[in-house]
Each structure stands twice: as structure tokens, then as C-alpha cells.
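Step one of this worksheet: look at the structure below.
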Amino acid sequence: MEEKPQKEWHSISSSDTLNALGAKETGLTADEAAKRLEKFGKNELATEEKSSLLSILASQFANVLIIVLIVSATISLILGKQVESISIFVIVVLAAILGTLQEYQAGKALEALRKMASPSATVLRNGQTIEVPSSELVPGDIAIITYGNKVPADIRLIESNNLQVEEAALTGESLPVEKFTQAIEGDSIPLGDRKNLLFMGTSVSNGRGKGVVVGTGANTEFGKIATMLQNTKTEQTPLQKNLDKLGSNIGIIAIVIALVLSAFSYFINGGTILDAFIWAVALAVAIIPEALPAVVTIGLALGVQRMVKRRALIRKLPAVETLGAVNVVCTDKTGTLTKDEMTIRKVYADATTFDVDGSGYSPEGNIILNGHKVKHGAANPCLIKVLTYGVLCSDAELKLTDEGWDILGDPTEGAIVTTAQKAKIDTEAIKKENPRVDEIPFTSDKKYMATAHSTSGGRMVVLKGAFEVVMGKCSMVEAPNGAQPLTTEVESSINSTVAGFAANALRVIAVAYKMIDEQEQLTDDALTNMILAGFVAMIDPPREEVKPAIATCKKAGIRTIMITGDHKATAFAIAKELKIAHDESQVFSGSDVEKMSQSELDIAVNKASVFARIAPEHKLRIVESLMKQGNIAAMTGDGVNDAPALKKANIGVAMGITGTDVSKEAADMILTDDNFVTIVAAVEEGRTIFENIKKFLIFLLSGNAGTVFAIILAFVFGLALPLTPVQILFINFIMDGLIAIAISLEPSEGGIMHRKPRTVSEGIITRMGLLRIMSLGMAIALVTFAVYYASVTIFELQPLQAQTLFFLTLIFARLFNSLNNRSLNTSAFKSRLLGNIPLVISSIVGIAIVWATTKIGVLQTAFGNVDISINGWLVAIGAGSLVLLFGEVFKLISKDKI
Ligand code: ATP
């Protein structure tokens, strides 16, 4: 196989291109594709190098304080304090390993998510149309490209049907470029003029096409431009940025506190300057919440994985935090609130309304007139015409699967094909007899599609779309003895029939036709003076699970606004059923929006529950208006033209099943089941993640504050320095490492969807949060200090015994504090102890090690601990438990929720 012909791909014919690539129009075989994948590599642009475990481990030591600690411990080792110094090394290494595992896991979780969100492409392999991950495309593959696709590789076109592509990403040209298949003369012409080629990274804004892949990965035009390499750097979320800032502020405070306290200790308790210095560094290390970024990333990434299980795919990590603050959800109707299972219930033709029975896409069913089945062969010719023309202007096909009848293609069109088969029309035969020669594809903007057919009577155009749009292009109406003028009387009778259908939540699709000259081009402008063949009215029932989800949103302080391309009356009927709207004054239409000034729209969006007959550009205006007024808005969309609104919204939500690549790429989140309920589930997860981060932050900061306050109290009361560096580092390892992670895994606190959304401007630590950190810190310090003070002054214990008791009490106080912080606003006694197994295990491991450090000789030396009687243990546990009690009382008396 020749990899590149002498000439450029655009300058040779498509068949020469196929030959040059050893390809066939029916596609490569699976074996050949596998071989080529091996040879040419994946169809990917260079991505950021993945960090290895070792490099992550090394980065754990790239911290000034850790380096200072290691250097000082080494000096101390040389000076003979082996056991302590080695213990410091051990703890530092253990902490680094834990940090590495955390970071590695977070990285892997993010990588897995990235893979899941990666696009797929439609190709022909062995003559079969299949979907493959875009990364597996190879030169010679036959790719099928349709409206809304992101072009997955460089492709030489073999077929083009009204194909238009936006190439701004590559050429800067903002207008869509029309593509064709003929060879173009001249070798070095600009990319923008190579109109028989599709380029990776551009997007299809109209039509469809088929072509052979000529370049993949770095061999594409897109791949050649280094500056356009995908930005695969993991973006830091605002929360991560804030916490980084918080971390560095705490860092400075920590160093100051540590230096001051160690100076005190040096003057009061004596010892060497090196000892005081090591102590200071250990304390600084302990106060600084160095685990914060990794724990936040893990919290976010694990939350994102939980969301995947609930069918929401997060594309941009910052979305996770924003999700929890969403207070308005603007949602599509069809397929998101409803099942997108269209079933035609009525057909209108020849001034008569026929009923249709049967269910789903099964062609078994009947056309019924006045309660009687219409017999095969006796059907009204106008009825046959509207259904036949409807089928000609549709692409959907029925197929019998193991689960019953289903459709391939658009549900609205599937419903038409199903009904035609119920009327015993041979849908395949009529398509063959009247081949399609041209088409204008359906778009949400236009709300119609049109096709041209070569029929025995000449060239015919069929138009199918939203009732009032099609009606606006008709001047005649079909009748048994030929087309009749559409008089005002006929029109108003038809309009009232349609209004009745729409009020019953039926979607009305009209079909019109006309004959044209053989040479006449099919253009939008040519769609005038059409003949209305009739219309069909279909039901699309709401999804059962949506109604409760909307009620949940209400309780959670989230407004739901339905934004749909459907008719006002149809939309209102469904909104009423779902309890989104109760009054017609809450319904606005696209034409209303069009007429509104910005300030009128600002008022309308606050009142609206339904926007009907909306075009994608209205969505952008609506979301802008909502956001301008301080709302945090989620907005769903599926079409190419929805992309700007999805990009603009705080949370852009694309549909996984029906959505175009372009909408998916613009979105922050993709619903893999297209279901509204999934948005609500994602919001709940978003709130839980944010709350869990808050929980461990309060746990961590209150615990560290408690440790420092306790040491200060000891100094103030003239007692000996209570903690050794090893003890400090050990507490840090257990609490900031193991327990903090366990808290971030806490399941959702009940009632999270019964509260109002949080205010974004408020930040993660509110004034109330700060108050809780400080008071819990004081509680920890007071109980620990009280035990220490009593053991020195009342029970007159040996200094080492008193210091070990201080250590034990501090450990227990902080462990009890973790129980307290498992829930922020509800009682800790309500959460099941075994509801967080990692917390139970980490606590048991922590206590077991502490026990060992009071029993085993070498550990005793390392930690500076002595054996403690059972009474001592009971005192430590009892005193520590007071922190839990204190925290609970605090929750009870504070009115403000955190
Ligand atoms: P939503 O915006 O809630 O998803 P929708 O399906 O009504 O609802 P669009 O897909 O934008 O929104 O469709 C707009 C209108 O175009 C529909 O209400 C219908 O009248 C018409 N329509 C939909 N699908 C087709 C089709 N395949 N052919 C012709 N007209 C269609």
C-alpha cells in the first residue's frame, strides 16, 4: 500500500485515493484495520506525559519543609539520636507513600473519565456500519459523517450530500464551507480551498457524507499544527485554587507559630537548638494541611465516578463544584422529560381525523375511523398519501430486536413509518419506486426537512415539519379529487383541530408536497405554494421518574424551566402534567422572546416555566439573562447550534444518546441516558462532594488548631513541652492522611436535597464554619490540656507519663472529632458507625499503633511514650469523647447550617 500518492489527496479522484490506500468503498476488514492500527498507531494527538508512580513519589519530597526536616533529622542522627531520627524518616516516607497513592489514584480516576468521554466515529468495516472509538480509525477506513459530527480524522470525500463544515478551528474561516467530491487541480492550494477533504477537529454543520480516511493522529493537518495540540493539562477547579491559597496562608502562619513555640520551649525547657528546630519543623509540617490538594482531587474524582454510575459524565472537573450550587435547570423536553417514544394517535387527511391504535414501534395496529377499523384496500387515498409522503421524507427504519420492535433513526420519523405500515403501506417499496434525489436536512432552527424524489409523475418535493411552519408554506390542501385552495375557512377549521391535539400534549407534524421541474434545485426558498397533504399527531409520554425528580428539585430550591422546540400548547400540557407549570402565563414562546428587550426578558425568565418553539439562539439569550441575575444555571442541549448556550451556561449539559459531537464537546456534563433525573442525581452528588470536602476541611483544621492551642495552653501554664516531633508527625500522618481521606468518602448526609443551594460567593469556609473550626479546636485543646494539667499538678505523675497521657488524649479527642464531622448539620449519632468502613479501619489501625507505642520498647523510645495503665486509657477516651458531645451541642444550638 502506498502511504501517500505523488500528488496531494485533494488533486486525485476519490477512486484513485481508495486505490492508493488499498481501500474499498465497503470498508476495511477487521483484520486489516487491526494491522493498520499497529502500523500507524492510534488516531490521537500527543497527550501530556503520564506521571509514573516513581515521579509522583519523588515529588512528595519536593517540599521545602520536608527537605528541612530530613536534613535536620540526618544531623540529629549523626549526633546520636538514632531511634528518633529513624522514626522521623519512617513517618516521612510513610506519609510520602500515602500521598503518592492518593495522587496516583486521583490521576487514574481522571484518566478513566477522560477515556470515557472520548468520542466515537462511524465507519464501514466488512461492509457493516459500526461505531468505533475515534482513536481506532486508520488510513483506508471508510468513515460516515453526518450533521453534528466532529470530523475524527483527515478524510477524502467519496460522497457528499449538502455537506457543510465549519473549519474556523483550522483555517480561521468562520462561515461553513460547502464540500464536494471532485478532484481539485493544483498541488499547493490553501487548506480552506481543499473542498473535497474533511479535516480532523472541524465540525459538520449540515448534510452528510462518506469518505476514506487519509490521515490520522499526528499525520492530520490538525496534528501538524503544534499550537493546536489538545489542551490536556488538568485544569484546577476554583475550589482547588482557593484551597491552594488557603494552604499557603496556613503554611506561613504555621511556620511563625512553630518558630515562636519552639523558641519558648528552648528557653523554658532547655535542650539543644537542633532539637528545638526539629520540633518546630515537625509542628509546621503537622499544621500545614499538605494532603489537602490530593484529598480534594480524590474527593472530586471519586464523586465524578459515582456520577458515572448514576449516568452523568463530567467533562470538566470544575463543573462538579458548580453542580452543587445550581438553582435553575433549563431542560429540553423531548427525550429528557419525555420518553422520546413517539406514537401516532391521530392522522388528519381529507378533512377527516383518523385514530390509530397499537403501541410503541410495532407495525401491528389499525387505522380507525368512527370506531371501525379501516380495511386494507379501503383506506382513504388522502390518508395513504400523507403517510406515504411522510415516509419518503423520513430516514428511520423499523427493526425487530429480541426486545421487540424498535427503530433506527429519529423517533418522530419512526412513528410515521410505523403508522404507514399499520395502513399496510410497503414502506421499502415506495422508497425504491420514488428514489430521493436531493434533501434539506432537519434542523431545530428551521423545524422542517424537505426531500426531492424522482417519481413516475416527475420530480416531487416533500416537506415535513412543525405544523405551523409547514402550514405557512402551503397555499393548497389535498382533497380526493385534487388539491383545493386553502381558504380561510379551511385553515381555521384545521387550526382548531390542531389546537385541540396540542392541548392534549400531542405533537403535530404536517406533510406537504408539490411537483417541480426536473432541473429545479431544492432550496429553502423554493418551499412555497406547497400542497398540505395532512398531518399526524403523536404522543410522547413523560418519563415516570421525572415527576418525583421535579418535586425533589422544588424542595432543593432548584427551579425547572422547560425549553423546547415543540408547540406552546403541547409543551404546556406536558409541563402541567409534570408540575413544572400550572398557569399559561408561565409559558413563553420563541416569538415572544424575539420581541422582548433585554429588560423584558430579564423579567420573563424569572416568571417562566416553559419556553416553547424555541430556537437555539434564544437559549443563549435565556441563559445569559438568568446568569446575569445571579442564578447558577444548568442548560441542556443536543444540536450543533446549542453549543454556544451550553458553553455559556454554568453547567452545559449534553445528551449522550441523541446529542451531536459538537454539543458534547461544548458541554461540562453529558447525560449517558438523556434523562432529566440524571441531572438531579448529579446535582445531589455535586452537593455531597462539596459537603464532604467541607467536612474534612473542618475536621482537619479544627484538629490542627486543637493541637496548637493545647501546646500553647501547656506553655501558658508553665508545663513542660508535651509532644515530641515523632508524636507530632505521627498524629499528622494518621489524622491528615488516613482519617481525612476516610471522611471525604462519607456517604451523603440525609436531607441534602431538602436544603437550598449554597451561595457560590460564600466560599468553602463560611463564618459559621470558621466559628466551628475554632470552637472545636478549643474543645480539643481544653480536654487534652485538662488531662495533662491534672496529671502533673493533681496526680503528680512522672513527666513522661503525663506527656504520654497528653498524646493519648489528643489522639482520642481528634478521633472523636472525626465522628462529629461525619455530618455537618445532622446529629453524628444518627449516622451508622459502620456506614464509613475506611474511617473505622483507619481509627482501629491508629489506636493499635498508639497502643504499640506505649508497650514496645523501641517504639516507646521513638515516640517518647511510656506504658499507661488501663485507667489512663479510660481517662483519655473519656476526655476525648467530650469533644464529640461538645460538637453535637454546637450543632443543636447553632441555627445557621454550614
Ligand atoms: P426539545 O427541544 O424539547 O428536544 P423538540 O424535539 O420539539 O423538543 P426539536 O428537535 O428542535 O425540538 O424540534 C422542533 C420541532 O421540529 C418539533 O417540535 C417538531 O414539530 C419538528 N420536528 C422534529 N423532528 C422532526 C423531523 N424529523 N422532521 C420534521 N420535523 C421535525
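All residue numbers here begin at 1 and follow the chain in the order shown.
Yeah, the Cβs are placed from backbone N, Cα and C, and that goes for glycine too.
Per TrEMBL, the range carrying the annotation transmembrane segment out of 497-517, 833-853 is 833-853. Segment annotation: TrEMBL labels transmembrane segment over residues 802-821 (candidates 522-541, 802-821).
Using a Cβ-Cβ cut-off under 8 Å and counting only residues 6 or more beyond its ends in the same chain, the transmembrane segment (696-720) has close neighbours at 243, 250, 257, 261, 264-265, 268-269, 283, 286-287, 289, 291-292, 295, 299, 728, 731, 735-736, 739-741, 743-744, 764-765, 769, 772-774, 776-782, 784-785, 788-789, 792, 799, 803, 806, 810, 813-814, 817-818, 821, 824, 898. For the domain 'Cation-transporting P-type ATPase N-terminal' (8-81), the DSSP-based tally of helix, strand and coil residues reads 44 helix, 1 strand, 29 coil.
Note on the transmembrane segment (276-302): residues 63, 65-66, 68-69, 72-73, 76, 88, 99, 102-103, 105-106, 109-110, 113, 237, 239-240, 243-244, 246-247, 250-251, 253-255, 257-259, 261-263, 265-266, 317, 320-321, 689, 692-693, 696-697, 700-701, 704, 707-708, 711, 721, 724-726, 728-729, 731-732, 736-737, 740-741, 744-745 of its chain, located 6 or more positions outside it, place their CB under 8 angstroms from a CB of the stretch. Packing against the transmembrane segment (86-106) from elsewhere in the chain are residues 51, 53, 56-57, 59-61, 66, 69-70, 73, 77, 278, 282, 290-291, 294-295, 297-298, 301, 725-726, 729-730, 732-733, 737-738, 741, 862-863: each is 6 or more residues past its ends and has a CB under 8 Å from a CB in it. If you look at the transmembrane segment (769-790), the same-chain residues 6 or more away from its ends with a CB under 8 A from one of its CBs are 694, 697-698, 701-710, 712-714, 717, 719, 722, 802-803, 805-806, 809-810, 813-814, 817, 820, 875-876, 879-880, 882-883, 886-887, 890, 894, 898. Among 61-80, 250-270, 726-748, 802-821, 726-748 has the largest number of CB pairs under 8 A with the transmembrane segment (833-853). Residues 84, 87-88, 91-92, 94-95, 98-99, 102, 279, 282-283, 285-286, 289-291, 295, 298-299, 302, 684, 687-688, 691-693, 695-696, 699-700, 703-704, 707, 807, 810-811, 814-815, 818, 821-823, 831, 835-836, 838-839, 841-843, 845-846, 849, 853, 862-865 of the same chain lie 6+ residues outside the transmembrane segment (726-748) yet bring a C-beta within less than 8 angstroms of a C-beta in it.
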